[in-house]
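If you check Swiss-Prot, you get these features:
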- 300-361: domain 'SH3' (DOMAIN)
- 166: phosphoserine (MOD_RES)
- 252-276: region 'Disordered' (REGION)
- 1-32: topological domain 'Cytoplasmic' (TOPO_DOM)
- 54-65: topological domain 'Extracellular' (TOPO_DOM)
- 87-93: topological domain 'Cytoplasmic' (TOPO_DOM)
- 115-122: topological domain 'Extracellular' (TOPO_DOM)
- 144-367: topological domain 'Cytoplasmic' (TOPO_DOM)
């Protein structure tokens with residue numbers, strides 16, 4: 001086996017779950033805020049359109065721009081219902097907020113013209129546009145805020161589907177993890193020691209030059225949170241490593257043939273070079289030292305957690321796994337912001353702790 005394959009194992013690419021955005025009325029019915037606010041908006045719109053029609057049918061003067069404001073409000077209500085049915089509210093939050101802000105300006109302007117105008121039939125129209133203005137203001141507060149804001153979390157707590165995931169928190173966690181990974185470079189001293197002992201001490205600048213206190217050392221900071229500690233190597237570097245491996249093996253064989261008295265010493269050099277890369281286990285590699293791809297028994301996953309909302313793994317991080325909302329996961333470590341977990345299909349990796357909730361305490365190790 002070549003050195004490069006031991007240093008940089010090929011990780012499994014996490015599968016990304018396809019989000020279902022088909023038309024479902026239950027997406028709308030499952031959100032009490034959507035049902036209540038849109039229902040009130042429809043009632044207010046009917047009052048406004050009824051009062052406007054009755055007022056315009058008489059000799060009373062009626063502001064013509066109000067008609068466009070009423071039609072525009074109807075389009076906003078229909079769009080909101082479609083966004084909820086297709087579960088696309090989070091994808092169009094900016095569009096929804098700006099559109100409702102325009103409707104708020106239209107309705108407040110119409111309310112000013114109708115309240116101070118003469119005619120009893122304009123009272124119903126003014127009441128309708130005032131109610132629409134209030135509802136629009138509430139919508140701006142909700143859709144303009146992030147899902148992690150206190151108001152949105154309180155409102156979403158009444159929803160059957162639970163609290164919506166926050167794109168802001170998700171991006172901050174991923175940026176923090178990338179920063180931690182980039183500030184903890186790893187250098188395998190066994191590679192340098194084997195080259196030096198074999199007589200081919202060549203300066204190699206492929207990795208950051210730092211000297212840990214002993215061989216086969218991995219920074220504890222890099223292991224915190226199961227960070228990815230494997231170095232970045234190119235194809236040219238891998239070719240260079242394979243060439244050095246052949247030269248080392250040739251030198252070791254020559255020493256064994258010419259000097260039988262040092263046979264034990266040469267054997268130790270070769271064995272140390274092969275086994276230290278796998279941390280004493282020839283069936284694992286550097287990536288598997290983290291325990292993410294090895295076969296682990298059920299007894300090690302002593303916690304159970306329930307997913308509060310779905311999560312899509314990052315393509316740039318091979319250790320993350322995706323999961324669906326309300327999915328039950330087995331967890332083996334609950335310290336830090338990222339937990340090691342396993343899905344029901346056997347997929348193992350790390351998950352963000354703020355996306356799940358523990359539902360069971362530690363199980364007995366021997367049952």
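Cβ coordinates come from backbone N, Cα and C, glycine included.
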Number of helical, extended and coil residues in the topological domain 'Extracellular' (54-65), per DSSP: 4 helix, 0 strand, 8 coil
Positions whose Cβ lies under 8 angstroms from the topological domain 'Extracellular' (54-65), at least six residues beyond its ends: 106, 109-110, 113-114, 117-119, 121-122, 124-125
Arithmetic mean of per-residue pLDDT over the topological domain 'Extracellular' (54-65): 81
Tally of DSSP helical, extended and coil residues in the topological domain 'Extracellular' (115-122): 2 helix, 0 strand, 6 coil
Chain residues in Cβ proximity to the topological domain 'Extracellular' (115-122) (below 8 Å; excluding those fewer than six residues from its ends, i.e. six or more beyond): 51, 54-55, 58, 60-63, 130
